[in-house]
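Asks: Let me give you the structure first, and then I'll get to my questions.
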Ligand SMILES: [Zn+2]
């Protein structure tokens, strides 16, 4: 009884069908085509190839961010609507945690990084401890060079993942030390990891409201920030 | 269809979504003409403090509101998703991020429920609002579409046949209203405030320009008029002269309306149609309705406009348009994408 998993947080478009202990199918693409054009056709194709009827889906797991605002909204709109129309549960899976979930290596710090523009990244830190994924630092927006410098001060090896790891490959290699760039098949998001962590969350009793589930933006819109600066709200 | 069949026949229900700008809306329409529900979640209060629609905030609101609005539309219509014959969605023109929410939701809904998908042009939707307001109205007619984003004259020859006669070269009429209102320190959106103020002023007090008023030219331009109003206000302020804001509003509005009305009537005459319909947000302007009504009466032309609720962005008009596309099998597939600058009558069908 599989669930459908979706990740459209970055340029990677990934959809998977997975049961609690098996990945049935996954389509992961990195092309210039938009999520809007790819996502629904991929879901239809995936079900068709895996010979799973949509009525047999038991739930939808969706990567909720942080990431590209538009990408997240396409993934969430699709996931929420499928859950609503098929009357199945939806679970929102934090994007950075799903990436770390796909790399179960003890003794290292996992540092997924996604582009937050203008030299910034969304970053969270994780480690595997006795077979469980632990969050060391929740998702923040941080300047990429400072973040990498700080990670290089750690005593343990740090595996840097995500589109920003690829984008700042030179910087990672230049700093060297304990920083390791994840291998290509681990460096990008995979919907199968979203499914895996999704199952885990469901087992822990996490349920999300299909009506109210929203992306995890971390950042407010630029207009809101500017307005508050201009009107002296906050600091 | 036979009479006996008609009595037992189930109505053809279309469900539609509209998220092209700052309203999240879902509606159910029966047989293309009868509105069973038309739920509109307006974001106007959210955008008011920014003095205009902020695209990122609009997109965030859409994803928050879209499923509750659909659910309410189905409940209010008293029908289940499985009763729907076609799902319509606005795929352009509009704000890309905002359109993408509606398009993604509609595609998922179409796939999950196995219901055909119809991609609807927002401007065509505005025109079709008139079919909801006037059950007997039929093409052919001349449509004047005036909103914050558009000013177009469209010859509607049939339910699926349109010719764009002309549109604005620069600002849309509604945009000019909003910009002038902002300079006059009126709240956003400014159209209704200018309309109310204009009713108290003298439309002949200030001679503002009427651009491109040549015979049989169906293009519009409002940026010159907007600049003229701004210059007038600035120079009066510099000379510390008292400004009669009602006169400014009335004279500005008269300049806009004169151009819209004369071109609409000319277009109707050239195309030989005896009906003119107004569409779009600015169609709610009372000064415009009064002037077009008067001129049409003089010329022996029938004149139609929708109720205010159908003038603003709403999904019922999209459901109406979708019904007529459904009739000719004009469907979209799961590749449907948002087209922020979609042209009127230029539907892209991927099959
Ligand atoms: Zn509109």
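Even glycines carry a Cβ here, placed using N, Cα and C.
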Asks: Kindly point out which candidate in B:171, B:178 is recorded by TrEMBL as part of the substrate site with B:145, B:146, B:147, B:148, B:149, B:191, B:195, B:285.
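Replies: For the substrate site that includes B:145, B:146, B:147, B:148, B:149, B:191, B:195, B:285, TrEMBL also lists B:178.
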Asks: Report the candidate from B:258, B:307, B:313 that shares the Fe cation site with B:122, B:126, as recorded in TrEMBL.
Replies: B:313
Asks: May I ask you to report the DSSP-based helix, strand or coil state of residue B:191 (substrate binding site)?
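Replies: Helix, per DSSP.
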Asks: Mean pLDDT for the domain 'Gcp-like' (B:35-319), rounded to an integer?
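Replies: When the pLDDT values over the domain 'Gcp-like' (B:35-319) are averaged, the result is 94.
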Asks: I'd like to know which of these binding-site residues, B:122, B:126, is least surrounded, judged by other CB atoms within 10 A.
Replies: B:122
Asks: Going by DSSP, is residue B:122 (Fe cation binding site) sitting in a helix, a strand, or coil?
Replies: helix
Asks: Work through the binding-site residues one by one (B:122, B:126, B:313) and name whichever has its CA nearest to the CA of residue B:145 (substrate binding site).
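Replies: Comparing Cα positions, the closest of these binding-site residues turns out to be B:126.
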Asks: On a simple 10 Å Cβ count over all chains shown, which one of the binding-site residues B:147, B:285 is most densely packed?
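Replies: The residue with the most neighbouring Cβ atoms within 10 Å is B:285.
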Asks: Using only the Cα atoms of B:145, B:146, B:147, B:148, B:149, B:178, B:191, B:195, B:285, which the record gives as binding substrate, return the largest interatomic distance in Å, rounded to a whole number.
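Replies: The widest Cα-Cα gap among those binding residues is 18 Å.
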